[in-house]
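Student: Sending over a structure as structure tokens; questions will come in a sec.
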Amino acid sequence: MKKYRVGVVGALGAVGTEMLKTLEQRDFPIEKIKPLDIPENEGKMIVFRGERVSVEVAREGAFKDLDIALFSAGEAASLKLSPVAAAEGCIVIDNSNAFRMNPAVPLVIPEVNPEDLKWHKKIIANPNCSTIQMLVALKPLHDHFTIRRIVVSTYQAVSGTGIPGMAELESQVRAYTEGKPLDVKVYPHQIAFNAIPHIDVFMENGYSREEMKMVNETHKMLHDDSIAVCPTAVRIPVVRCHSEAINIETEKPISVEEAREILEKAPGVKVMDDLSKNLYPLAADLAGTDYVYVGRIRKDISVENGLNMWVVADNLRKGAALNAVQIAETLIKMNLI
Ligand SMILES: NC(=O)c1ccc[n+]([C@@H]2O[C@H](COP(=O)([O-])OP(=O)(O)OC[C@H]3O[C@@H](n4cnc5c(N)ncnc54)[C@H](OP(=O)(O)O)[C@@H]3O)[C@@H](O)[C@H]2O)c1
């Protein structure tokens with residue numbers, strides 16, 4: 001089997017660390033791993049498959065000896081360095097928002113629209129974490145019942161803001177319990193013991209950019225701009241795993257039994273739904289896992305063809321690192337690399 005030379009840009013960050021772990025755990029065919037980060041982190045060591053590897057600087061020339069570059073260093077780094085990496089011969093799988101809505105760049109979830117990989121021109125975008133878990137759960141239902149409207153509220157973990165988000169929650173919880181003033185830097189308000197309906201910047205229409213990502217990315221990946229999407233994105237003091245309350249309206253009649261049967265067979269999905277045992281997906285239990293978990297499947301009693309569900313996934317795994325590695329695996333499977 002062919003082996004690949006893989007770079008991870010932002011290797012010391014929350015997603016980068018998870019990418020390295022995911023590549024190891026899934027036994028990705030690797031000839032060489034190259035962790036790349038900012039100049040201040042040059043020479044720091046990571047351990048990959050039991051070997052110590054030195055972090056190098058992500059800059060022009062660093063991609064010439066690589067086949068694949070997994071980017072998770074933020075939008076500015078992606079805008080600057082992804083085209084450089086592509087020009088130096090790499091296929092770039094980019095986790096940031098930089099290229100997601102670029103019509104020349106495929107935006108892909110392997111369980112949803114792998115066919116879009118066929119038209120890649122070296123840069124492929126990894127969708128927003130909230131959109132990934134929503135569409136992994138909804139695509140199989142859309143295929144059977146044709147979704148016309150989605151109303152979604154997210155309950156998003158602080159690791160969605162990377163290492164700084166996790167550090168802020170931890171320091172605020174400590175300060176709160178010690179009766180000290182809270183240091184508020186990463187979020188616009190205290191995140192400890194709070195719920196903040198504000199993720200990313202606000203747009204002119206009153207929605208946040210995070211919310212509009214869920215609208216626009218859904219349309220791009222399902223190839224249908226007519227699906228109505230109404231999101232509310234909320235940050236909560238959970239470390240890992242985003243939860244979503246999702247309501248759908250469908251063209252065809254939909255029953256709980258049919259939906260459950262379809263979801264039980266759907267790729268990447270696990271149904272966790274037994275009210276008699278208080279069983280439903282919980283963020284605290286699912287950190288570090290790879291599936292999109294669906295529970296509380298119930299009829300929307302207010303409309304003709306509607307369904308509600310509760311969907312949880314690890315934002316650092318399926319919401320970021322795992323989806324990126326699965327894109328690379330799918331490229332190999334489809335002979336596109
Ligand atoms: N966290 C999630 O759940 C999630 C989900 C989907 C997508 N993403 C996206 O993934 C990206 C990274 O997020 P994260 O959560 O991993 O953030 P993070 O924990 O802050 O990590 C980012 C890493 O990239 C490094 N970096 C910054 N500028 C760089 C540059 N020019 N070249 C190389 N490395 C650079 C950072 O170094 P310093 O910290 O030392 O500056 C840090 O090590 C973002 O674009 C984010 O939107 C995150």
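Placed from the backbone N, Cα and C atoms, the Cβ positions cover glycine too.
This is the feature table in TrEMBL:
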- 5-120: domain 'Semialdehyde dehydrogenase NAD-binding' (DOMAIN)
- ARG100: phosphate binding site (BINDING)
- CYS129: active site, acyl-thioester intermediate (ACT_SITE)
- GLN156, ARG235: substrate binding site (BINDING)
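So that I understand the layout, could you describe where these features sit and how close they are to other parts?
Tutor: Computed over the domain 'Semialdehyde dehydrogenase NAD-binding' (5-120), the whole-number mean pLDDT of the model equals 98.
DSSP assigns ARG100 (phosphate binding site) to coil in the three-state reduction, placing it in neither a helix nor a strand.
Secondary structure at CYS129 (active site, acyl-thioester intermediate), as computed by DSSP, is helix. Sequence-distant contacts of CYS129 (active site, acyl-thioester intermediate), defined as residues of its own chain at least six apart whose C-beta falls under 8 angstroms from its C-beta, comprise GLN156, GLY160, HIS242, ALA313, ASN315, GLY319, ALA320.
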Student: Take the domain 'Semialdehyde dehydrogenase NAD-binding' (5-120) and count its residues per DSSP category (helix H/G/I, strand E/B, coil), listing them in that order.
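Tutor: Across the domain 'Semialdehyde dehydrogenase NAD-binding' (5-120), DSSP assigns the residues as follows: 34 helix, 32 strand, 50 coil.
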Student: Within the set ARG100, CYS129, GLN156, ARG235, which recorded positions show a CB-to-ligand 1 distance under 6 A?
Tutor: CYS129
Student: Could you measure between ARG100 (phosphate binding site) and ARG235 (substrate binding site) for me? Cα positions, answer in whole angstrom.
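Tutor: On Cα coordinates alone, these residues lie 22 Å apart.
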Student: List nothing but the one residue from ARG100, ARG235 whose Cβ has the fewest other Cβ atoms within 10 Å; the candidates are the binding-site residues.
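Tutor: So among ARG100, ARG235, the binding-site residues given, the one with the fewest Cβ atoms within 10 Å is ARG100.
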